[in-house]
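Chemist: This is the structure I have questions about; it appears just below.
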Amino acid sequence: MSHDEIEQSEKPEPSSDGRPETPDLVPTTSNAEKSGSIVPAVDVNDAGLSRQDTEAIYNRFTPAKKRLVTAVVACGGIASTVSSLLLLAAIPEIAADLNTTGTTINVSNAIYVLFMETTQPCIISACTFFAFNVGTALSPNLAAFFVFRMFSAFTGTAYLVLGSSCIGDIYKPTERGTALAFFLNGTLIGQSFGPFIGGVMVNFHSWRSLFWFQSALAGLTAILAVAFLPETSHRLRSDELKGLSTKAKVAQVWDWANPFRVLALLLIPKLFVAGVAASALVWNMQALLTPIRYVINPRFNLTSPLESGLFFLAPGCGFFFGTYAGGRWADRTVKHWINIRGRRVPEDRLRSSFVAMGAVIPICIIVYGWSIEKAVGGIPLPVICMFIQGFAQVIAFPSINTYCLDVFKGRSAEVIAGNYFFRYAIAAVGTASCLPAIQSIGVGWFSTITALFVFFAAVAVYCVVIIAAKEDAKVNEAV
């Protein structure tokens, strides 16, 4: 049976309180999971759907409408992630104005990154994100700056989770990688061009103008969401509450909202490995971009935020051009292995990340770090390394994110949410620790540690793929 086909099942009898006895996780016999591993149950409302019904789900929207949805959520991703690094080129100015140090401002950025995992509705998120960015722009002291930054992150990052889920709802598995790459392009370009924009603005205006700019982006995102973002879910949660008693409704809502339900998914080994892999990539990006003002400026005797901001364009251009290759490469890899096996195994998508994570990124980060440390290669060498790293990041990211959508179809949003929580918790550590670490051991050795982290994450991903392939072969032989 194809992975996209949903097996027939009987609707479970309700319990005495009227709540359906639907387990969160049950053994399944689909493709690579036929060995009896534990995966999310198929929703009872999906039971009995034929392949034609499943195809109809993905054909609800025209290709043009799908592209519009992708553009809207990508815009939301830009608005959210640009804030995490918009102030990097302005850290010394913010620190001076608030009578603190650059390391302390980086800690505020780490707090922002740490809270990047909420799943509030997109429109509410964009509106509250706008309000808290206005608060940040008006912050009278360091304490207010920290608080408003934290709440900006908590309310402004729904698009990172819901954007991926929307794409998973409207695109077939063999098309998701390409669409998700364009969505990720928005989030990654926001993080790279944000510091450049910040450098330009701070060169001519106060650092507070950064957050007025951020507020404008949030307002635009809210308008686009209201005007163009349709309901993409295959089912509405409210429909699942119909016919339940009040007690059962409260219990069901708590079950959906329980944060431990999301975090518990990370106890599943292959999801934990996916989280580690994504964390390694985000750590690498944060460790590369965060200290540029403090590392590049002394190395090349740069004096203004604008000059150092130009260096952020190198990885940003890599992200941009990588978008056109990364998603297509992930989808092509899936189709290639479908032709070999005659069926789709979700882990085969991860194969498209091997070269980027196992070789390209580690080599580039080591060359970048030691070229700065030893003052060799001039400006071109670190710029080239930053560009190639940006390109390789977008080759690897779509395979990991799309794998999270594919592997547990019934709970893809929760898998993505858990993955984002894990990756940004690690990224927060990287953001807060990179400057002290570089000052202590040097940029060369810190880059080496980062390269090893990415390499061993790639090894773990390789092990997941090989184990899944062996399980699938055993199941196929048994059938």
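Placed from the backbone N, Cα and C atoms, the Cβ positions cover glycine too.
Where the annotation comes from TrEMBL, it is an automatic prediction and has not been curated.
Look at TrEMBL and you will find 1-22 tagged as compositional bias 'Basic and acidic residues'. What TrEMBL lists as region 'Disordered' is 1-37. Taken from TrEMBL, the feature transmembrane segment applies to 68-91, 142-162, 182-204, 210-229, 271-289, 309-330, 350-372, 378-400, 421-439, 445-469.
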Chemist: Are there at least 3 C-beta pairs under 8 angstroms linking the transmembrane segment (271-289) and the transmembrane segment (350-372), leaving out pairs fewer than 6 apart in sequence?
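Modeler: Checked: the transmembrane segment (350-372) vs the transmembrane segment (271-289), in contact.
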Chemist: Does the transmembrane segment (421-439) come near the transmembrane segment (210-229), with 3+ Cβ pairs under 8 Å (pairs 6 or more apart)?
Modeler: no
Chemist: Give me the stretch from 210-229, 271-289, 309-330, 378-400 with the greatest number of Cβ pairs under 8 Å to the transmembrane segment (445-469).
Modeler: 271-289
Chemist: State the non-local partners of the transmembrane segment (271-289) in its own chain: residues 6+ outside its ends, Cβ under 8 Å from one of its Cβ atoms.
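Modeler: Residues packing against the transmembrane segment (271-289) from afar: 85, 88, 113, 188, 191-192, 195, 265, 312, 315, 353, 357, 361, 365, 368, 386, 389, 393, 396-397, 400-401, 403-404, 407-408, 415, 418-420, 422-427, 429-431, 434, 446-447, 450, 453-454, 456-458, 460-461, 463-464.
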